[in-house]
């Protein structure tokens, strides 16, 4: 019943455009002679002598599904309505009303199959104001009338009269199908159409009736011209016959011969089968006399025996060179005893006089005394001679010798066995069929064998149930064991309950199937997961272990962030160390060069950046400029213009001085060693560079780096 109510409520919510029928309630007459409510109070005014109670009556209608005990409470599963004030104490309900929102009869549209039963509640209520039509106040109730009925679909109105303690209500009702809906429950939809998708009208029960010239399930197949070849012809509209390629004719039953074929025929398109007496590719060559002149008559066969000669093979009953003479089989008078002979083609027939019979009337006739009638036939003498037999039912023939076989026309359908009776026949139907000729398939689904919401599919002498989830068996009566396939993991125990399963997890696991490893749980706590939520025998933990998952994600993020910070720190340290090494190496190189040259010349220059250089194309007094600049650095300034004057023998002196300088100021030993090896191994490169610098008219200045010697042009800033 609960499922029925849910289905009904859903159907009531469907748009009115999808209705299949309408329940109509027509209010006709209401009597409330005293003008009182249900609690015997006067609606309005005073019940004192000489005064009349006056009510303003309106109605509340509630249409429900069939209930053994009708309840007036909501919901009104089939629909509800509240009328405006229709009258006073006693009145007849008009069919029209100024308020266009109310019509009489009152319609209740259905969007589903009419079940055939209903429950109806009609409440008459009083109001002080026509604008106040609330129905919650029980003091307004004048009367309540309830009924439940069976109702078939039809145009005829059913009358009813409800009599209460002080009131009477006369009304009528019916259920009619919407347009294009048919059947007992208005569940058959059929809309006539005459377009590409069908050409049909609808019968009284909603069956499709094809228009003239159309056939098929939905009348979409045109009926071609009668006689149109089914294989070689077709049609797009009724009454026509279009030929397929290779065929022609009114009925498309003539094949098209090979182009140019003159005296030939075809069995298939594009053939040229020569007629007798003709040959060649196009059957245009005359081969014999028989073909030219056709001398043989009366259907005889002509055979060429040479040029200008032939032989005719005559059909029975004919003779002569050209079979032109018909043979008379009666010429020998074969009929005896006065029988009359009739010449036929290659035979004859004798018409015997009374009292004789046989092919040549050679046999004398029998009488009833000879008992000529068989199978219980009644013999009667013929006044003109001879006899005749009156055959019983089921027999025929001159002597009732033939038994009439009523099964000879194969009247039984669907491989049923036909039994020939005396004057009729009987069809023994195979399983699954019924009817006089076994033409009707028995609907095994008519008894609704499928249980628990299963869908029934009718077959031949059988049916098939498509079960909903959770049920199995021939009739869907067996519930499926949810624990059959061991859905629970990690040693959990499966319990079946309420058409579902519940997993009792061992400590440390969770999830519907105990598939998740959880953070450590309190001692002895077992977790159970069901179809709807996860349970714990001691405390509900809220379902999926989000805390554990979130904690794991946060931990991973912290590790990644810490690792990134550590990598960045290491890279910065390595970069600072590399810069310090490069700086120490450059300073050491400049100091070494300064020490070597300061012993010969006491000169100093300012070291300037490449971006600050200004070329003035003249020689510069580095000694005076150095004094002017007045740099007081821990490193002696170098006159790079004098570097090219260094001799090869000065290199050894430079090495010894560098070792002494190292004692005073520690440098990176690796950078020092690289520079010493570079000076010793690249002497040839240095000589080439010195030569290049000598030729530079701007008195170029260069520094010997770790990688290679370069010329740097120094100019005044």
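Heads up, the Cβ atoms here are built off N, Cα and C, so glycines get one too.
Here Swiss-Prot flags 190-202 (among others) as disulfide bond. Around the Cβ of residue 202 (disulfide bond), a 10 Å sphere holds 18 further Cβ atoms from the protein chains shown. In this structure, residue 202 (disulfide bond) is part of a beta strand by DSSP.
Taking a C-beta cut-off of under 8 angstroms and a sequence separation of 6 or more, residue 235 (disulfide bond) has the following same-chain neighbours: 222, 223, 224, 225, 228, 241, 242. As annotated by Swiss-Prot, disulfide bond applies to 224-235 (among others).
Around residue 266 (disulfide bond), a 10 Å sphere centred on its CB holds 16 further CB atoms from the protein chains shown. Residues annotated as disulfide bond in Swiss-Prot: 261-266 (among others).
Per Swiss-Prot, disulfide bond is recorded for 296-312 (among others). Cβ neighbour count for residue 312 (disulfide bond) (all protein chains, 10 Å cutoff from its Cβ): 21.
Long-range Cβ proximity for residue 323 (disulfide bond), meaning a same-chain Cβ under 8 A and a gap of 6 or more residues, is found for 296, 297, 298, 299, 300, 312, 314, 315. In three-state terms derived from DSSP, residue 323 (disulfide bond) belongs to neither a helical nor a strand segment and is classed as coil. Per Swiss-Prot, disulfide bond is recorded for 314-323 (among others), and the stated evidence type is similarity to another entry.
Every protein chain shown contributes to the tally, and the Cβ of residue 341 (disulfide bond) ends up with 19 other Cβ atoms within 10 Å. Taken from Swiss-Prot, the feature disulfide bond applies to 330-341 (among others).
Taking Cβ-Cβ distances under 8 Å and a sequence separation of 6 or more, the neighbours of residue 379 (disulfide bond) in its chain are 368, 371, 372, 373, 387, 388, 389, 390. Residue 379 (disulfide bond) falls within a strand segment according to DSSP. Residues or ranges marked as disulfide bond in Swiss-Prot (evidence: similarity to another entry): 368-379 (among others).
Taken from Swiss-Prot, the feature disulfide bond applies to 391-400 (among others), supported by similarity to another entry. Taken residue by residue with DSSP, residue 400 (disulfide bond) is part of neither helix nor strand, so it is coil.
The annotation disulfide bond is assigned in Swiss-Prot to 407-418 (among others) on the grounds of similarity to another entry. Other C-beta atoms found within 10 angstroms of the C-beta of residue 407 (disulfide bond) number 15, with every protein chain shown included.
In this structure, residue 438 (disulfide bond) belongs to neither helix nor strand by DSSP; it is coil. Taken from Swiss-Prot, the feature disulfide bond covers 429-438 (among others), and the record attributes it to similarity to another entry.
As annotated by Swiss-Prot, disulfide bond applies to 467-476 (among others), with the evidence given as similarity to another entry. Using a 10 Å Cβ-Cβ cutoff, residue 467 (disulfide bond) registers 20 neighbours. Secondary structure from DSSP puts residue 467 (disulfide bond) in coil.
As annotated by Swiss-Prot, disulfide bond applies to 505-514 (among others), with the evidence given as similarity to another entry.
Within the chain carrying the domain 'EGF-like 5' (364-401), a Cβ under 8 angstroms from the stretch's Cβ atoms is held by residues 354-357, 421-423, all 6 or more beyond its ends. The domain 'EGF-like 5' annotation in Swiss-Prot covers 364-401.
The domain 'EGF-like 6' annotation in Swiss-Prot covers 403-439.
Under the heading domain 'EGF-like 8', Swiss-Prot lists 479-515. With DSSP classes pooled into helix, strand and coil, the tally for the domain 'EGF-like 8' (479-515) is 0 helix, 14 strand, 23 coil.
Summarising the annotation, Swiss-Prot assigns topological domain 'Cytoplasmic' to 569-717.
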Positions on the same chain near the transmembrane segment (548-568), where near means CB under 8 A and six or more residues out: 518-519
Secondary structure at residue 368 (disulfide bond), reduced by DSSP to three states: helix
Fewest-neighbour residue among disulfide-bonded residues, criterion Cβ within 10 Å, set 296, 314, 368, 476: 368
For residue 190 (disulfide bond), the one of 261, 341, 476 that lies nearest, given that the disulfide-bonded residues are compared by Cα: 476
Winner by Cβ contact number (other Cβ atoms within 10 Å) across the disulfide-bonded residues 330, 391, 514: 514
Integer Cα-Cα distance in angstrom, residue 467 (disulfide bond) to residue 429 (disulfide bond): 31
